[in-house]
Amino acid sequence: PQTGRLALYLLGLRATCPASEPHRSLVTWLKYHLEEDWTGSRRHGRPLTSYYQYGLGVLALCVHKKRVREEVTRRLLVAQHHGRLRHSGTAVDTEAMVALALTCLERRRLVGARLAAEIQAATHEVSRSMAEAQGPDGIIGNIYSTPWALQLFLAQGMCHTEPVYSRAMAALLENLDTFGTAATIAQVLPVLHSHSYLDIASMPCGEEPDTLTPMAMEPLAEVPGNKMVRLVVECAQPWCFELQLYDQRVSVPAAASLLDVLQAATTQEPHFTFDTQDTAQGPYLTQVLGLEARQQKRNYWQLLSAPSTPLLKSVADYIPHDEETLILRLSEW
């Protein structure tokens, strides 16, 4: 189901202050995808996509003033209560997104009084746990999940002078250069202006100036020379006969990304294969050497800089340095 993609489109459409309401069929399709998404719970106990996308879908419907069935809301409350939102090493972005969706339903009075009280208790617990999980550097989860935590704090009225808020904001300002894609910029930009996605619902569109003007983009300067990158593929699953499946040095241009390294490896070694899937955050690695990462099997391709530093960028955005060792590891979440 295209839950997350359609939800982002509807949120973006509302944020542009359209002259008329979006066509009903878009909202109807989102409702359909939410129901299709949840069919996975009958076998796997979770949405076919993810709780993050499911929460994003509920948030988009709420921003467009559309009610959801009480069962939908309770699905998210139960998942939060039983700790089912934790995956891939960090729960911050998923828990924050679900909490934002629930907060929207409660604030816009799209749920009954009893359910609203349950939502308040659950979302404040999420906010409290995020504050306790803040690292000494101010980051909550990782640098990309920190904006979601801040959006939740803003939605719940946290004062900007609160230490947890000010430390997290300082961390964002120190790492703004890491937000280089449209999707990551969309996460951090509202926070820099003290807003959350919930504020889209109450935007004063009559006061919105037309500032969408094209920006001249200068081409990036070419970096001369080549670099050597060591590429290692590992399978950390019990059904793999051996841990290390591939280990080769690959020569690429000095400005090459990890995606370029993978493409160069296919030319250097014909048996080396990989596939990616386009997402809002950039290409997502889905298959290497014929081994597929499947959500139903709870596995994914973990990207590491040796020996164990996770890469927080997509394969298209990460630029390895000369003589760096990169590990692609099929892991469980």
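Placed from the backbone N, Cα and C atoms, the Cβ positions cover glycine too.
Look at TrEMBL and you will find 49-53, Asp93, Asn142, Gln187, 284-285, 301-303, Leu311, Trp333 tagged as cyanocob(III)alamin binding site. Look at TrEMBL and you will find Cys62-Cys104 tagged as disulfide bond.
A Cα-Cα distance of 27 Å separates Asn142 (cyanocob(III)alamin binding site) from Cys62 (disulfide bond).
Cys62 (disulfide bond) sits 33 Å from Trp301 (cyanocob(III)alamin binding site), taking the Cα positions as reference. Of the recorded residues, Thr49 (cyanocob(III)alamin binding site) and Cys104 (disulfide bond) place their C-alpha atoms 22 Å from one another. Shown are the binding-site residues Thr49, Gln53, Asn142; of these, the residue with the fewest other Cβ atoms within 10 Å is Asn142. If you take the C-beta of Tyr284 (cyanocob(III)alamin binding site) and look for same-chain residues 6 or more apart in sequence within under 8 angstroms, you find Thr276, Gln277, Asp278, Ser314. Using a 10 Å radius centred on the Cβ of Cys104 (disulfide bond) and all shown protein chains, the other Cβ atoms total 23.
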